Amino acid sequence: GPRSNPRGGARALSHAARRAGGHMGQRLICCLDAPSALQPPPLLPVRRKLLLLGIMLFLWLYMFYSCAGSCASVPGLAGRPAGEAAATAGAHGEGLQVLSKLLRRAPAGGAQGLAGPAAASPSEEQSAAPDPTSPISSFFNGSGTKKLPQAIIIGVKKGGTRALLEFLRVHPDIRAVGAEPHFFDRNYERDFAWYRDLMPRTLDGQITMEKTPSYFVTKEAPARISAMSKGTKLIVVVRDPVTRAISDYTQTLSKRPDIPTFESLTFKNRTTGLIDTSWSAIQIGIYAKHLENWLLYFPIGQILFVSGERLISDPAGELGRVQDFLGLKRIITDKHFYFNKTKGFPCLKKAEGSSKPHCLGKTKGRTHPNIDREVVQRLREFYRPFNMKFYQMTGHDFGWD
C-alpha cells in the first residue's frame, strides 16, 4: 500500500483527540449544568442539626434509664452497690459501661448498707442510711433509697394506730411500710439489713416510718430502738384503757368465739374483785408502767402521745400535732376527712395514691359486746391511779376519769 506519513498521522490523531475532547467537554458542561444525583444536598440548617442532636441525646438517656431500671430487678444485682451493679449489667452493652462510670461517682450509702456485713453495728447502719444520693443516682434508680425508720408508731394496740398511719401516708413527705414489721419484738434475731429492706424507698427529705403497736409493751424494745438510733422519734396512740380492753377482747372474740366472757377474764377472783393484770387486754392499758421503761432510753420530749379519742373527734387537729412533731409542713388538714356515720369514725376523702374515698376495713369499728356495768366501774377504779400518773408523766390530761 501507500507509504505512511508519520507526521500526517500524528496531526490526524491530534485533530481527532481535540474533536473528541470537545465533545466530552460539552457533555461535562451539560452534566454540570443539569441537576444530578451526584450533586451533594444543601447543608442542613443549624436549628435542624440542634434538634436532631437533642433527639439523639434524649433517646440515649432514655435507653440507659430503662436499662438501669431493668438491671435493678435482676437477681444478683439487688443489694449491691450501685456502681458495681451497673458495671455488671454493663457487660451486656457498651452503653451500660458508661452508666457504670457515672453511678460509681455517686455515693451509694443505702445500697452499701444492705450489702454490708451483718455484724455492722445498728448505729452505723442508721448513720449511713440518711446519706443523700447524687442527682445522677436518683435519676437512674428513679425511686430513692431504703432507710431505717426515723419515726416509729410504737403503740398501743387497739388505740388507733392503723388510722393514724393511714392518715399520715397522705403526706407527701412521709413514706411508711403498710404491714407491721415486728422487728424489735419478734424478728430481732434478723439483722438491720433485713429490717431496712422492708422499708419503702424514700427521696431526700422524706421520712421513713413504720408502726408496730406491740413495741410499747415489749420490755426489750426501748433498748433495741435506742441501739438503732437514739434520735428516733416515737409516737404512742393512747385510748381510755377500759374502752381499749373491751375493744381488744372484741377483736379476739371475732377470731375465737369460744373464749370465756370478758367478765370472767377480767378478774382473778370475781368475789374479791381482784383484777387479773396478767391478761394482756388489761396489762396493756397500764400505760404509766410501760412508759417508765421507755423513759430509761428516750427523753419524754422525743415521744408524742396521740389521743385515740381526738383522732376520731378531731383528726385534723391530732394530725397537725403529729406533723409538727415530725418537723413537717401541715399539709393534712380538715379538707382531707369526712365523717362516716355508719362506721362511727372519720375516713379519708382521698387515700394515698388514689382519687377515691377510703375508710378502714370492716375489722375496724366492730360493735362491742355489752359488759356488766359493775365490771366496767371496777376497771375504772383500777386504772384511775395509773391514769393519773400517766397524766403527770406526759404533762397531758386525756380526760379518761
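Glycine is no exception: its Cβ is also placed from the backbone N, Cα and C atoms.
Now, the feature entries from TrEMBL:
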{"type": "TRANSMEM", "residues": "50-65", "note": "transmembrane segment"}
{"type": "COMPBIAS", "residues": "110-130", "note": "compositional bias 'Low complexity'"}
{"type": "DOMAIN", "residues": "149-384", "note": "domain 'Sulfotransferase'"}
{"type": "DISULFID", "residues": "Cys347-Cys359", "note": "disulfide bond"}
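The 10 Å shell around the Cβ of Cys359 (disulfide bond) contains 18 further Cβ atoms across the protein chains shown. On the 0 to 100 pLDDT scale, the domain 'Sulfotransferase' (149-384) averages 93 in this prediction. Every protein chain shown contributes to the tally, and the Cβ of Cys347 (disulfide bond) ends up with 20 other Cβ atoms within 10 Å.
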